[in-house]
Amino acid sequence: MGIDVAENTGEIYSNLAPREKLLAYGSVSLTDAELLAIFLRTGTRGLPVLRMAEFLLKEFGSLYHLLSADYDTFCSHKGMGLAKYAQLQAIAELAKRFFSSQFMHEDIMSSPSVTQEYLQNLLSGRDREIFVVLFLNNQNRVICHEEMFKGTINKVEVHPREIVRSAIKVNASSVILAHNHPSGHAEPSLADKIVTDKVIDACNLVGVKVLDHLVIGRQCCVSFAERGWI
């Protein structure tokens, strides 16, 4: 009849409520817990699915930390097993591919907001600094991107020669740099400016242009290009 049969009638209603809300008012009307409940589908005895979703978000602290948890950590929580772990890992990977597909076939210089949104979703919420490089062809389309350097909570060591080597390997004409600030504040530091200049100098030697450096905070990002620093 088009409706999944569940053992617990009360559980059906707790599961359907977020779906009905989504269909009536759109996905943006749902809380993180309600969206998560739709994917989890069922709770456990004494723990309806929506309460389970709320509990998981509280325990892990954020959607990012929940979706990036390893198997042992995830399954250490009541009611969490292989099936739900696989479901959430599939969700996380689909989200990554969705955002990636949005800008892989566009001239990203004509749609910078798409790039910023992608990088915001990729890096915001990470608990240590990650330095990402987007490699572009001569039509400003993304060839690939790479998380090149991983650091600590407040610094990451960047090697310009490694960026140049990767750019040559994929025949990139230009690059966009990006890294996050786990503190949540996107304002670039003096060290950020210095390393950007070093990468620009190294790339100039082989004819690769640095188009921008984006610093990602919790809710916003700062563009070096928009500030006239590149």
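The backbone N, Cα and C atoms fix where each Cβ goes, and this holds for glycine too.
As written in Swiss-Prot, here are the features:
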| type | residues | note |
| --- | --- | --- |
| DOMAIN | 108-230 | domain 'MPN' |
| BINDING | HIS179, HIS181, ASP192 | Zn(2+) binding site |
| MOTIF | 179-192 | motif 'JAMM motif' |
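Annotation note: ASP192 (Zn(2+) binding site) sits in a helical segment as assigned by DSSP. Other than HIS179, HIS181, ASP192, the residues of this chain whose Cβ falls within 8 Å of the Cβ centroid of the Zn(2+) site are, in sequence order, GLU129, VAL156, ASN180, ALA186, PRO188, SER189, VAL215, ILE216. Helix, strand and coil content of the domain 'MPN' (108-230), in residues and according to DSSP, is 37 helix, 34 strand, 52 coil. Taking all protein chains in view, 20 other C-beta atoms sit within 10 angstroms of the C-beta of ASP192 (Zn(2+) binding site).
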